[in-house]
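A.B. asks: Before I ask anything, here is the structure I am working with.
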Amino acid sequence: MKSRVILNHRDRRDKNHNNNNTNHYTQVDTMERKPLEVEPSTTTTNTDVVDSFEEEQRKIVYRGWKVMPFIIGNETFEKLGIIGTLSNLLVYLTSVFNLKSYTAATIINAFSGTINFGTFIAAFLCDTYFGRYKTLSVAVIACFLGSFVILLTAAIPSLHPVACGNKISCEGPSVGQILFLLMGLGFLVVGAGGIRPCNLAFGADQFNPKSESGKKGINSFFNWYFFTFTFAQIISLTAVVYIQSNVSWTIGLIIPVALMFLACVIFFAGDRLYVKVKASGSPLAGIARVIAAAIKKRGLKPVKQPWVNLYNHIPSNYANTTLKYTDQFRFLDKAAIMTPEEKLNSDGTASDPWKLCTLQQVEEVKCIVRVIPIWFASTIYYLAITIQMTYPVFQALQSDRRLGSGGFRIPAATYVVFLMTGMTVFIIFYDRVLVPSLRRVTGLETGISLLQRIGAGFTFAIMSLLVSGFIEERRRNFALTKPTLGMAPRTGEISSMSALWLIPQLTLAGIAEAFAAIGQMEFYYKQFPENMKSFAGSIFYVGAGVSSYLASFLISTVHRTTAHSPSGNWLAEDLNKAKLDYFYFMLTGLMVVNMAYFLLMARWYRYKGGNDEDITEIETNEEETKQQQLQDKNSV
């Protein structure tokens, strides 16, 4: 059995300059440790911990695919329920609650942002206190209650304003009606915020990660997960939205409630069969310790050859990948400087982990800090996607939505399906055609690097916004210069331009997501330490949440600033009197600036373990590794 050590070319040059250092990022200078006192430890040894852990693992019964009908069934109905409730919420707020379009868009963006922020809180609570099963149990019930409350706002006349019809001035909702609606949205925040970071991991928990069949099962489960997600979105944005828009809001909202109830029943039916992983404590404490220790030691001078002279005890049951030393954020290195006052336990661990941290802990924090600039650029990018999920709906409402000569009208909210369709189709093309072609050119297994994939998504987002501006200019010109098709409720005249012209901008946005969104998920997953994978998933949603809040702020600011401008309100209720194309062009400029910033950060970024092109795997015998650990222990 062999273990792997990852070194890059620069590491090997360093190694040649230090002949006595066999493994320059794990060996500890014995001279630095002599003044230290060692406290006797009454705790169990690493060997005892490992044996106890392995014994506990052997007792776990992994049922794998036998419990997948419960998990995937719950996933399918839960997604159908949530998306069925939320997909047409923008139209619901404007047509049933008589809210202005910009007010409804602001509420939707704030609501989406809160859900995405909730994933971070849920990931923390899940890993630290409750575990995934208990978190999901609360979340699915909360989703059912939220969907039920939203249904009541449509079914009970006293819970929504009087129907407006074609009136120009409509009665708005009362405070009580708004509060009842917000209560339903609050339940959905708790539910969706808990489900998103935990569902994937809970499904993967049901497979044995050490067996070949278990590993294959995990990969297949991920495929089924994303299939059900896309399936639920398409069904909700077509069939459910059509019923809500053309049959009845009450019937259209009963369907998601019934589906959420089925999701709860199916989930709890498998209660006795699930593998329920206990909460193991939050890795956020480790981050806090490194920062606290570095601040306490801020007056110390940096050590020479930090990869040798910094404290770097590695327990035998250490789960994370061993990282090489990096010379970025050197202030954090001070957390691993050993002073004469600090003590070690007999097993080599620091007696006070808030004053002394290992080099590995420091490098893990560096990984997270290094990701933040990329995450910031990705957050700005999501402004484009957030806008493409809202304003094309308003454009469709004032465009010709007729399909064929039969008089069938495509519901306005359904046009967002073209974004997801573009994303789904391009993913297949990317995986089957583009990656093999790029692989022959670049020599990379993935065709292009993760940051290159994200950057390609940013480029398509810019193209999407630019096309959106030209399409909106065309739509408004048709409405102002050619015969219209009547009046849209509470907005203005319907342009004779076909709403199918919105497909190019939405398709480009879908391609942007195929590059950037999936690239970000993979990037965070691979660049975060192994014990922070749940947070790696949540940071993606947190970025989308920040973007939703930024979109709300941007919409409100533009609406307020341009309300009395000579050119007119850019985001007026009647798009024919607005300048939505100016808004799109402004966003295009913002995305270009963000792209330039991203390129600078991508050039500065260092991948965890080294660049893909610069990695050499050096295999060392396990016996040699044990001897090295024994030498480290003796030096203590």
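Each Cβ is built from the backbone N, Cα and C atoms, and glycine gets one as well.
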A.B. asks: Looking at Ser52, Ser169, Ser351, which is the one Swiss-Prot tags with phosphoserine?
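C.D. replies: Checking Swiss-Prot against Ser52, Ser169, Ser351, the phosphoserine entry points to Ser52.
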A.B. asks: Would the transmembrane segment (77-97) and the transmembrane segment (136-156) count as touching if the test is at least 3 Cβ pairs under 8 Å, pairs 6 or more apart?
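C.D. replies: Judged by the Cβ rule, the two regions touch, with the required three close pairs present.
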A.B. asks: Can you find at least 3 Cβ pairs under 8 Å between the transmembrane segment (499-519) and the transmembrane segment (249-269), where each pair is 6 or more residues apart in sequence?
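C.D. replies: Judged by the Cβ rule, the two regions do not touch, with the required three close pairs absent.
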A.B. asks: Could you tell me what the rest of the chain brings near the transmembrane segment (175-195), counting residues at least six beyond its ends with Cβ under 8 Å?
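C.D. replies: Distant Cβ neighbours of the transmembrane segment (175-195) are 78, 82, 85-86, 97, 111, 114-119, 121-122, 126, 135-136, 138-150, 152-153, 159-161.
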A.B. asks: Within the same chain, where does the transmembrane segment (105-125) have neighbours whose Cβ lies under 8 angstroms from its own Cβ atoms, ignoring anything closer than 6 residues to its ends? I mean 6 or more beyond.
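C.D. replies: Apart from its flanks, the transmembrane segment (105-125) reaches 89-90, 93, 99, 135, 139, 185, 188-190, 192-194, 196-198, 282, 284, 386, 390-391, 534-535, 537-539, 541-549, 551-552, 555-556.
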